[in-house]
Amino acid sequence: MKHKLLIGIFALLLNQHLAWAETTSANSSMTVGGNFTAKVEDNGSVIIMTGGQITQIIDKESVEKLGVAKSAVGNFLKTLQEQNIPLEDLDKKLREIAANYLLFRQQASQVSTNSLKGEELKAQAEKAIDDGEFDKAEALFRDIRQLNMQAAAQNILFAAQADAANGALANTRLQYQKAGEYYERAAQALSTLGNEYHVKLSEYLNWAGDAFSSAGQYNSAQPLYEKALALREKSLPANHPDVARSLNNLAVLYDVKGQYKKALPLHERALGIREKVLGKDHPDVADSLGNLAALYHAKGQYEKALPLAERALGIGENVLGKGHPDVATSLNNLAALYQAKGQYEKALPLYERALGIREKALGKDHPDVAISLRNLANLYHTKGQYEKALPLHERALGIQEKVRGNDHPDVALSLSGLANLYYAKGQYEKALPLAERVLDIREKAFGNDHPYVADSLNSLAAVYHAKGQYEKALPLYERALGIREKALGNDHPDVAISLSGLANLYYAKGQYEKALPLDERVLGIWEKALGNDHSRVADSLNSLAAVYHAKGQYERALPLYERALGIREKALGNDHPKTKYVRANYDALLKEMEQAQR
């Protein structure tokens, strides 16, 4: 019941707009930040002001139902300011703080000691919590831990509980790395005890992995998730939902790291457990379906991904409602598949609907909104609508840098989209520093051999290529191709992208005999993966035709240009830059053939 009350209060905090009261009594005021000010009235109500005007209020009864001291409410708001959370994003983050706070209070109450000194410290910590003095509470729990670690095995458990409480407190304050460190220390303490503590140990390991993942520290999260899964498989029934949860968490982490072969059987097993235990229409089943679809998408297996993504969307809409943020995620995933398949008109309304849901449910500056903005921008880019794409990319990047910091992998995604757009617009001097920054972030986050790194290498090579710096471009193309072939296999669509870049470079250098077999291989990959009429196939046909054209083999070039032009006109229309480009090549060939016949 407390959880529901807490969420209701924060919903009221954000959504209820009341007029200024006729009179106000003397009150205590706490400036929470430049964006807003919180006033705690003598009668117990809380008023939120922006720009000197009342915009939201929590009435006295709601505060009393919250069951915490007035100072704790103020501390929640202070946390949001310290983490630079914008006012319009308060709902999402306050819900997170509410859930974490309840978990924190639960875990704090479970902290045990077997000495008068320990009980005295615990009482002081509980009072500090009630007073909203979280720094003091954290220090007191550290003292309890130190006291308990000096005792026997039972007190080691108590010490771990104190660390777990501080982990939950750090999560409440959105300090994810700190939370991971506390949970990891709790797990280390518990690991010294017997098998009867393995289930609790797996919880601490999983929470630590969650926290490090939220911080973008995937290498730190991986061994924790792996240990949690091993313990749960050993201690729980094979079809237990917690086993499925560990399988899912680890599989998603492998996805992020590009380790698809490791991820696939874990996704499949998690899905099987959830369908058996929870039923085929449960939201957790939709989660597994969406994750499995995303994996097949990443592997270029679009026909396997599509029915999974469609089923995940159907479950979400039926169970959660059409305006739920999880439904937006399913819409986004399905749209990305349609885009990859060249079905842009199917993708566009799904992206737009996902963006609308996220802005309404999460606020306009939420990271998930940035994802939708970036995806919509990439689609406009693909359609040649650069002026529509640019402000979306810029807005997405601004959100990610503000919320994630400058070196988070999500920031690299936004930078990459913006760099690719500048490249397409011929603004290479703007594209170059962005592409270099993307490569640096990804190498630090994922290591040198990740598919994301290959993507960055290929983009940077393309910029150098366009600037005529072929000797800088060549090793980057070659390195990207090597990574992709090793990680994804020889027939993956991303391999075709690297092959195409390398072939175009050889073409630019006049090395047609090197370019020809690469272009032929690219065409084969795209036709196999996407069918004969995809935009990517048109790219390959045009490139292959250009090689034959340059070699003077006009009769071979002509049908390739004609086929490429037909695909372009059908898919993109007569005025798209790529259509005009192919038509110019085709017209030039016809002119040369006419001159050759004179």
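Note: Cβ is positioned from N, Cα and C throughout, glycine not excepted.
Annotation comment: TrEMBL describes 1-21 as signal peptide.
Annotation source TrEMBL lists repeat 'TPR' at 202-235 (among others). Across the repeat 'TPR' (202-235), DSSP helix (H, G, I), strand (E, B) and coil residues number 31 helix, 0 strand, 3 coil.
What TrEMBL lists as repeat 'TPR' is 244-277 (among others). In the repeat 'TPR' (244-277), the DSSP tally of helix, strand and coil residues is 31 helix, 0 strand, 3 coil.
According to TrEMBL, the repeat 'TPR' annotation covers 286-319 (among others). Regional average pLDDT for the repeat 'TPR' (286-319) in the model is 94.
Panel annotation: around the repeat 'TPR' (328-361), residues 92, 286, 290, 293-294, 297, 302, 305-306, 309-310, 312-313, 316, 368-369, 371-373, 375-376, 378-379, 382-383, 493, 530, 533-536, 571 of the same chain, lying at least six beyond its termini, place a Cβ under 8 Å from a Cβ of the stretch. What TrEMBL records for 328-361 (among others) is repeat 'TPR'.
Note on the repeat 'TPR' (370-403): DSSP counts are 31 helix, 0 strand, 3 coil. Residues or ranges marked as repeat 'TPR' by TrEMBL: 370-403 (among others).
Sequence-remote contacts of a segment are chain residues at least 6 beyond its ends whose Cβ falls under 8 Å from one of its Cβ atoms, and for the repeat 'TPR' (412-445) they are 216, 218, 370, 374, 377-378, 381, 386, 389-390, 393-394, 396-397, 400-401, 452-453, 455-457, 459-460, 462-463, 466-467. The repeat 'TPR' annotation in TrEMBL covers 412-445 (among others).
Beyond the repeat 'TPR' (454-487), the same-chain residues lying 6 or more positions past its ends with a Cβ under 8 Å from any Cβ of the stretch are 258, 260, 412, 416, 419-420, 423, 426, 428, 431-432, 435-436, 438-439, 442-443, 494-495, 497-499, 501-502, 504-505, 508-509. The annotation repeat 'TPR' is assigned in TrEMBL to 454-487 (among others).
Taken from TrEMBL, the feature repeat 'TPR' applies to 538-571 (among others). For the repeat 'TPR' (538-571), the number of residues in each DSSP class (helix H, G, I; strand E, B; coil) is 31 helix, 0 strand, 3 coil.
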